[in-house]
Amino acid sequence: MQYLPIFLNIRGQQCLVVGGGTVAVRKVALLRQAGAEVKVIAPKLHEQLQEWADKGKITAQQASFSETEIKSCYLVIAATDDSSLNEQVYHLATAQGVLVNVADCPRFCDFILPSIVDRSPVIVAVSSGGASPVLARLLRARLETLIPQAYGRLGQFAARYRSRIKQRITGIRARRIFWEKVLQGSIAERIFAGQEEEAEGALEAALEGGFVPEQGEVYLVGAGPGDPDLLTFRALRLMQQADVVFHDRLVSPEVLALVRREAERIYVGKKRSWHAVRQEEINMMLVRSAREGKRVLRLKGGDPFIFGRGGEEIATLAAENIPFQVVPGITAASGCASYAGIPLTHRDHAHACIFVTGQLKEGRLSLNWQALVQPQQTIVVYMGLSGLEILCQELIAHGMPAVTPAALVQQGTTSRQRVLTGTLATLPDIVQGEDIHAPTLVIIGGVVALYPQLAWFKVPDREPLDAR
């Protein structure tokens, strides 16, 4: 180990930055974040440095560096493009016993500045010892995706209770186990969900009882349209800590594969005219699993609040006093349209966009047709495959031109994506002649005409299908 990883408290300490360019701006910003009193000296100052100086946030002097500037400084950073000046700063600082760092020159550094993941008060520092700053930045980027932003709030919460827990639980091992349950369980999830009062109440009860009870919770998570790269960080974190997952048929196999391997998987999907499990029973299955102390993942394709019946599920959970949180997902309209190269709004084609469901009821579609046939508007139809012919006929009958461009997207954003395009008059026959597999999405409006120019996503071994 070439360097000892340590954290310095420089709050209120005088720190000097020699240099006035973009590198100096980055160093000054970092020192300011840590609460240092920063002085900058350079013949010419970057406009950002000058702005900070004008606002009294730093002290800046437009002058050449002199040895006297180092006196009374806690640390010095040389960030000029003059290597001989940087070396001079290094030798003068070390001679006076002042910590010094020369930017991008490890051999003239008493300390190095790592790549930082900031979740204050939790700080993660990553360093390659100056060997490869790019590698350190790449590692930091990976860590940024793994550590929730709310860890800062969790750290502050833990700090408030540290002394009390130490007094209440005197055994080191017992205290460690207690903290592990707090920081990895439902109390931490309350913090992540912004429910600090509930977290405090649960921790107070745990302190009173001397143990952290196992409390179940439901995660209602949007799985997006299919491509696992479109999952949110929060969704992925909850997927990987669930004990049981209830999923529907709209969740792609690629997304389902990212759920914690040990989690029990229960299929509760629905197909047209066939329901595996009634919605009311799904609601109560979530309740029962949570009451067993399980972390319950309810994984839904797209977004749980857009034609996903998520509102019904959390209404039941709320009525049964089951803790829950909702994680939005990229809805199929947005995801499929983007991957098909069909913008839902466009200055020249559509100033509005409307989402509707195309499910048939007793062979009919109950929609507000007058609202749908407005000009310069895009219509996105979820679950519209079975009623596509009726949909197109009704739109034409209510005044929409038969030549209006229309598209059907099959299994959008995945390697099984297909795009069929036509018009209101021709699309039903085009689709009828193809082997189409759900889930599908129908897009209607002038924006569909842009598809041939804007289609960018290429399915492996198959070009997007334009069956006009």
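Here the Cβ of each residue, glycine as well, is placed from N, Cα and C on the backbone.
The annotation active site, proton acceptor is assigned in Swiss-Prot to D248. If you look up Swiss-Prot, you'll see K270 marked as active site, proton donor, on the strength of sequence analysis. The NAD(+) binding site annotation in Swiss-Prot covers T22, V23, P43, K44 and is backed by sequence analysis. Under the heading S-adenosyl-L-methionine binding site, Swiss-Prot lists P225, G301, G302, D303, I306, T331, A332, M383, G412, citing sequence analysis as support. Residues or ranges marked as phosphoserine in Swiss-Prot: S128. Annotated region 'Precorrin-2 dehydrogenase /sirohydrochlorin ferrochelatase' per Swiss-Prot: 1-203, in sequence order, evidence recorded as sequence analysis. The region 'Uroporphyrinogen-III C-methyltransferase' annotation in Swiss-Prot covers 216-468, and the record cites sequence analysis as its basis.
Features recorded in Swiss-Prot, as mapped to the structure shown.
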residue	record	Cβ within 10 Å
V23	NAD(+) binding site	18
P43	NAD(+) binding site	12
K44	NAD(+) binding site	10
S128	phosphoserine	18
P225	S-adenosyl-L-methionine binding site	31
D248	active site, proton acceptor	21
G302	S-adenosyl-L-methionine binding site	27
I306	S-adenosyl-L-methionine binding site	18
A332	S-adenosyl-L-methionine binding site	27
G412	S-adenosyl-L-methionine binding site	25
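Mean pLDDT for the region 'Precorrin-2 dehydrogenase /sirohydrochlorin ferrochelatase' (1-203) in the predicted structure: 93. The two recorded residues, S128 (phosphoserine) and V23 (NAD(+) binding site), show a Cα separation of 19 Å.
Taking the mean position of the Cβ atoms of T22, V23, P43, K44 as the NAD(+) site, the remaining residues of that chain whose Cβ falls within 8 Å of it are G19, G20, G21, A24, A42, L45, H46, L49, A79, T80, D81. When secondary structure is read from DSSP and collapsed to three states, S128 (phosphoserine) falls in the coil class. Here the CA atom of K44 (NAD(+) binding site) lies 53 Å from the CA atom of G302 (S-adenosyl-L-methionine binding site).
Among T22, V23, P43, K44, the residues given in the record as binding NAD(+), the maximal Cα to Cα distance rounds to 15 Å. Proximity of T22 (NAD(+) binding site) to non-local residues of its own chain (separation of 6 or more, Cβ distance below 8 Å) is seen for H46, given in sequence order. Note: the CA-CA distance between D248 (active site, proton acceptor) and K44 (NAD(+) binding site) rounds to 62 Å.
Secondary structure from DSSP puts G302 (S-adenosyl-L-methionine binding site) in a beta strand. For P225 (S-adenosyl-L-methionine binding site), the nearest neighbour among the listed binding-site residues (V23, P43, K44), judged by C-alpha distance, is V23. Reported as a whole number, the C-alpha separation between V23 (NAD(+) binding site) and A332 (S-adenosyl-L-methionine binding site) equals 43 Å.
If you take the Cα of G412 (S-adenosyl-L-methionine binding site) and the Cα of K44 (NAD(+) binding site), they are about 54 angstrom apart, rounded to a whole number.
Excluding the listed site residues P225, G301, G302, D303, I306, T331, A332, M383, G412, the same chain places G224, L250, F307, G308, G329, I330, A333, G335, C336, Y382, P439, L441 with Cβ atoms within 8 Å of the centre of the S-adenosyl-L-methionine site Cβ atoms.
Binding of S-adenosyl-L-methionine is attributed in the record to P225, G301, G302, D303, I306, T331, A332, M383, G412, and the widest Cα separation among these residues amounts to 17 Å.
The two recorded residues, I306 (S-adenosyl-L-methionine binding site) and K44 (NAD(+) binding site), have Cα atoms 55 Å apart.
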